[in-house]
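Feature list (source: Swiss-Prot):
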- 30-37, 147-150, VAL176, 184-187: ATP binding site (BINDING)
- HIS37: active site, proton donor (ACT_SITE)
- GLN61: beta-alanine binding site (BINDING)
- GLN61, GLN153: (R)-pantoate binding site (BINDING)
Amino acid sequence: MRIIETVAEMQAFSREARREGKSISLVPTMGFLHEGHASLMIEGKKRADILVTSIFVNPTQFGPTEDFDAYPRDLARDRNVAETAGVDVIFAPKASDMYPRGFQTYVNVEELTRPLCGASRPGHFQGVTTVVAKLLNIVLPHVALFGKKDFQQLAVIRRMAADLNMDVEIVGMPIVREADGLAMSSRNAYLGPEERKNALCLSRALATARDLFLDGERSVGTLRDKVLRVIGEVPGAVIDYADFRDGDTLETVETANGRTLIALAVKIGKTRLIDNCILGEEQ
């Protein structure tokens, strides 16, 4: 496995690989890799000759009061996870290389970034789309893989790639969960033992609403009330949003169907966690 730390070297590597007729897959990450990331890498390995994983804690997607400095970093651990999953190249650039002096160009997707995380984290998605656009231009992948836990992010990146005629396939992969249902996330490392137990309210609320839907309930108001009640029973759980949206457009809905998205953002202690499900899809 090769580690590349500069934009110039990564671009040269990718151009040479393409000249040789090799296909490239990319799994963009912020590091502190877990089994959810590994599942993306394993799929990426199947889809291309060369699998690249980027590890870059992107400063432009963090707000001034968010956890950029505290975000967990462990490159040695990440190397082990990546190598085990079959990664060929780790691209781990420095912020000064990705955003050199004088940088002033940003990518912004309009409508899709306004609700949900876009409403509670101003500027977040501009940072996400900008860094992903840069990674796609640098690595030149034929396919890029993202987890569906960040459902809105996936929708935004797909929109950006389509709108800007980017010659890359964007693939969304299922949420990977712990045995007790908690969605895998690098931020789970922040949780203390009691908070870890309380964090199960997200997946429990989703499962409860989905069971009601499968039993025939279609009223979003009724389903939302149930979600709020399940989370509200947990001490210290603070809801950022518990929203029902169309799974394709992210527009609000009043009547649920199989493509309805339930999207949650909940603070457990100081840790903000997100989770989601599509009501008609198996979890």
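Each residue's number is its place along the chain shown, starting with 1.
Note that Cβ sites are derived from N, Cα and C of the backbone, with glycine treated the same way.
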Cα distance (Å, whole number) from GLN61 (beta-alanine binding site) to GLN153 ((R)-pantoate binding site): 12
Residues satisfying Cβ distance under 8 Å from GLN61 (beta-alanine binding site), sequence separation of at least 6: GLY123, HIS124, PHE125, GLN126, GLY127, VAL128, VAL131
Integer Cα-Cα distance in angstrom, HIS37 (active site, proton donor) to VAL176 (ATP binding site): 9
All-chain count of other Cβ atoms within 10 Å of MET30 (ATP binding site): 19
Three-state secondary structure, which DSSP defines for GLN153 ((R)-pantoate binding site): helix
Fewest-neighbour residue among binding-site residues, criterion Cβ within 10 Å, set GLN153, SER186: SER186
Candidates HIS37, LYS148: member of the recorded positions with the richest Cβ shell (10 Å): HIS37
Spatial neighbours of VAL176 (ATP binding site) that are distant in sequence (at least 6 apart) but have CB under 8 A: HIS34, GLU35, GLY36, SER39, GLY147, ALA183, MET184
DSSP three-state assignment for LEU33 (ATP binding site): coil
Cβ contacts of LEU33 (ATP binding site) (under 8 Å, same chain, 6 or more positions away): ILE55, ARG77, ASP78, VAL81, ALA82, SER186
Around the Cβ of GLY36 (ATP binding site), the count of other Cβ atoms that are within 10 Å: 21
